[in-house]
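Below: the structure, in C-alpha cells.
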Amino acid sequence: MSEARAGPWLALSVALLSAAALGYQILLMRWLAIAHWQPFAAMIISLALLGHGASGTALSLLRGWAVARFDALYPLCAAAFALAAPGCVTLAQTIPFNGLALVWDLRQLGWLAALYLCLALPFFFAACCFGLAFARHPAHIPRLYGADLFGAGLGAALAIGLLFLLPLPQALAAVAALGLVAAGLAALAGARRLRRLAGLAALGVLLAAVLDGTALQPPLNEYKGLAQALRLRDAAVIDQRHSPYGWLAVVESPTVPLRHAPGLSLHNSQEPPPQLGVFVDGDALGAITRAVDDPARLDWLGRMTSALPYVLLDGPRVLVLGAGAGMDVLQALHLGAQHVHAVEPNPQLLALLCEDYADYAGAPCADPRVRMTVGDARTALRGGGADYELIVWPLAESLGGAASGAFAAEENYALTVEAFVAALRRLAPGGLLALTRWEKLPPRDMLKLFATAVTALEREGAAEPGARLAAIRGWSTGTLLVARDPFDAARIARLRDFAEGLGFDPVHYPGMPADEANRYNLLAQPWAFEGARALLSPARAQFLRDYKFDLRPASDDRPYFAHFFRWRALPELWALRGQGAAVLFDAGYLLLLAALAQALPLSLLLILAPLLALPRGAAAGGSRARPALYFLCLGLAFLLIEIACLARLKLLVGQPLLAITVGLAGFLCFAGLGSLQAQRFDPDPARFPAWLRRIVAGIALALGWHVLVVALALHWGGALALPWRALLGLLSIAPLAFLMGMPFPLGLSRLARSQPAFVPWAWGINGCASVLAALLALLLAIDLGLPATLLIAWLLYALAALCWPLPRDPGAADAARPRGKLLRFPSFFTPPAARSARGSAAG
C-alpha cells in the first residue's frame, strides 16, 4: 500500500478494528463474569494486551518479510481476528478452570494459563494489524495511533449499546463481524481488491453459518447458586434477560420450594411462602416472595438478625441501600415502617419487582409507603437533611461469593468511612444505621464494619463510640447497629430480649458482660466480642496490626472492603489449606497474583526474544535500552492512571455502568485526539525531549485537575443529576487523557526515523507493560490506595522523559523550542507534507 493510499481507508480500518477489539474485550468480560466470576475483568484487560506484546515480538522477528507483504497480511490478520474471536470463546468453554480451587489445586494454574493464552489469540491478530500499520507507514504513526485510540473509545460505547439490544452471544458475533468490515476496508486500499473482497465475503458467510448463537453461550458454572438451584426436581428458569447490568435469571421450583431467608433464627418454626429465586450472572441474589392474604404468614421476617433495628424503632422512615429482589422492603413494611425509600443500581431488578412480577409480589412499588428509584448507595446518601430514622445496608452478595473472597478486588464505596459519615448525617434524632453481613470464621466482615463505624463516629466527634454501637450474630449472619445518639437503657433491654428470645448472641452493646457473648451459636471462644472490645480500647492499633486478616477500615481512597488478605498469614493458611482453610483466602486477590505470576515471565520472554534478531551495536543505530525503558514506562503509566481514574469516576458518577462507559470511551477518545495533535509537532529529533518534558509537566497538572474536579464535585455537586455528574467526570479526565495520548506516538515516530527495525519491538514492549499495569493497578490500589497509584504512574512518566538524552548544545536547545499552537487540531487524514504545502500556499 503506497503512502498516498495510507490515508482514509487504512485509518478507518484501524479505527474499526480497534473498536471491534475493545468491544470484544468488554463483551468477553461479561462472558467470563457468567462463566466464572467478576474478578476476571482485570485478567481480561491484561490478556488482551498480552496479545499486543506477542504481536510486537512476532513482527520484530519477521519485520522485513511482513512489511513487504503488508497489503496481504493486514486484511488477513483482521479477518483472522474475526474468526478467532468466536472460535476462542467456544474453545474456552472446554477448559475446566475453577478459580475457587486455585488455592488447594495447583493444576488450576495450568488451566488458567491455557485460558489466558486461548483468549489472547484474537487480540494478537488485531494487534498485528496495528503493528504492521506502524511499521509500514512510520510517517503516519500519530494519525494511525490516534485512529486506534479513537476507535477503541467508540468500541467501548458500542459494546455497552449492543448489550442493551442483543443477547451476549449475538453481541459477540456482531463485534467479530466488524473485524471483517475492517479487513474489507483495508483490502479496498490494496492491490487485487476483488479477489480479497471475495475471500472476505466467503469468510463472512462461513462466520454467519457457524454462529447460531448457542456456540457462544457462556457455560453455567456448577459452583454458582443457579446451577445448584436447577439441580432441584422440576426447577427451571422461567424468565431471563441480558443487559450490561448482567444476565438476570428467575427460577421457579414447584416441587421442592426455594427458601431464601438469610439469618433466620433456628427458633423459627414458620414456613415462608413460595418464592422465586433471582440470580445475576448465575450467582444467587435473592428471592421474590409471593404475596399472602394473611400478614401473619410473614412473621418470619421479624426473626432474622436484620429485624433488630425494627425492634428498637417505632414506625421509622427507612432508606434501603439496595432493593435487590425486594425482601428488605417487604421486611420494613411488615415490621411497621411508615415510609420506605429503596434505591437499586440495577434497573432490571426494579423492572422485575415493579412490573413483570408485581402481581406475584403484591405490587410493592404501588404501595403509597414505598418509593423505588434507580441509583447507588453513595448518591442516595448525598444531600442534606435528617430524613431517615433507619438506613439499611442489605446483604449484597451470595454466601459463596462472600466466603470465597471473590469480591476482594472490587470497589465498594458503600462500605467506606466516608459512606458511614454521610449516612450518619442523614439520620434523624434517635436514628440507626443497620448493616447485615454473612458470618465467617474467624470473624472478618463484622469486625471490619465495627472498625469502620468506630472511625466514622470519631470523625463525627463522638467521645465514646462504643456507646453508639450494638451488634448481634446468628448462625449465618450478623447485624451491626450504629446510632446517631448513645443507646439508652430501654433500647438495650429490647435488644437483649430480642437476642435471647430468638437465640442470637450479642456481640456488643454498651455495658455488655462477657458471659452473654457465646451462649447460643457456640464457638471455641467469643472472637467477635473480644475483637469488638479490642477495637474500642486504646490497643486498637495493635489489634489491627496483629490480627490475621486486614481489618483496616476501607476509605474512598482505598475502597476495597472485601479485601482481608495478609501476607504474614499466608504460611499458616497455606499449611491448613487441605483442612478447610482455603475459604480464608481472598480468591479475587489471589487471582490477580496468579495472573501476575504468569504475565511477568511471559512478558519478559516476549520482550527479550526479539533481541536475538534485531540489529546490535553500531548497526542498531542507537541505544536499545533507552527506548525499551521509555516504552515500558509508558505502558505501565497509561494503564495505571486509566484504571485508577475509572475507579474514582465510579464514586463520582454513581452508576458503575455509566461511569465505565463515559470513563473508558472518553479516556480513549481524548487520548486519540492527543495523538492526532502530536502529528503536527516538528519531527526534528532535537525537539523531542523539550516537548516530552512539557507534556509530562502537563500530565502532572492534569492529574491535579482531575483530583480537584472530583473532590469539588463530590463536596458541592452531590445533588446534581446523573447527566451532570457524568459530564463533570468526563471534564475531569479530558485534559489528562489528551496529554497522555502524545508520548507514545511521538516516541514511536522518533524511533521510526532513527531505528526503524525497532518499531514493532517498541509496540510489543508497550503492550507487555500494559499487561503488567492492568494487574499492578489493582494490587497497588488495594495495598496503597488510588492516590498512591496515580503518583507512581506520574513518576513513571517522569522516568520516561529522562530515558532519551536532552540536547547538549545551545543551538539544539534553541531548536527544541516548540513552534506553532499546541491545541490546533489537524485534519484526520491529511498527511504532514500536504499540510505544509497548504500552509506555504496560504503564506
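Including glycine, each Cβ sits where the backbone N, Cα and C put it.
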When TrEMBL is consulted, the range among 39-61, 315-337, 522-544 described as transmembrane segment turns out to be 39-61
With the cut-off at Cβ under 8 Å and a gap of six or more residues from its ends, the chain residues touching the transmembrane segment (758-782) are 42-43, 45-47, 49-57, 59-60, 63, 127, 130-131, 134-135, 138, 408-409, 558, 560, 563, 589, 592-593, 595-596, 599-600, 602-603, 606-607, 610, 614, 620, 624, 627-628, 630-640, 643-644, 647, 744, 747-748, 751-752, 788-789, 792
Sequence-distant residues near the transmembrane segment (655-674) by C-beta distance (under 8 Å, 6 or more away from its ends) are 22, 145-154, 156-157, 160, 244-245, 345, 374-376, 642, 645-646, 649, 722, 726, 729-730, 733-734, 737-742, 825
Under 8 Å Cβ-Cβ from the transmembrane segment (147-166), and at least six residues away from its ends along the same chain, one finds 11-12, 14-24, 26-27, 30, 130, 174-175, 242-244, 657, 660-661, 664-673, 675-676, 741, 828
Lying 6 or more residues past either end of the transmembrane segment (627-649) yet within Cβ distance under 8 Å of it, the residues of that chain are 45, 49, 411, 559, 607, 659-660, 662-664, 667, 703, 706, 710, 729, 732-733, 736, 740, 743-744, 747-748, 751, 755, 758, 761-763, 765-770, 772-774, 776-778, 780-781, 786, 789-790, 792-794, 796-797, 799-800, 803-804
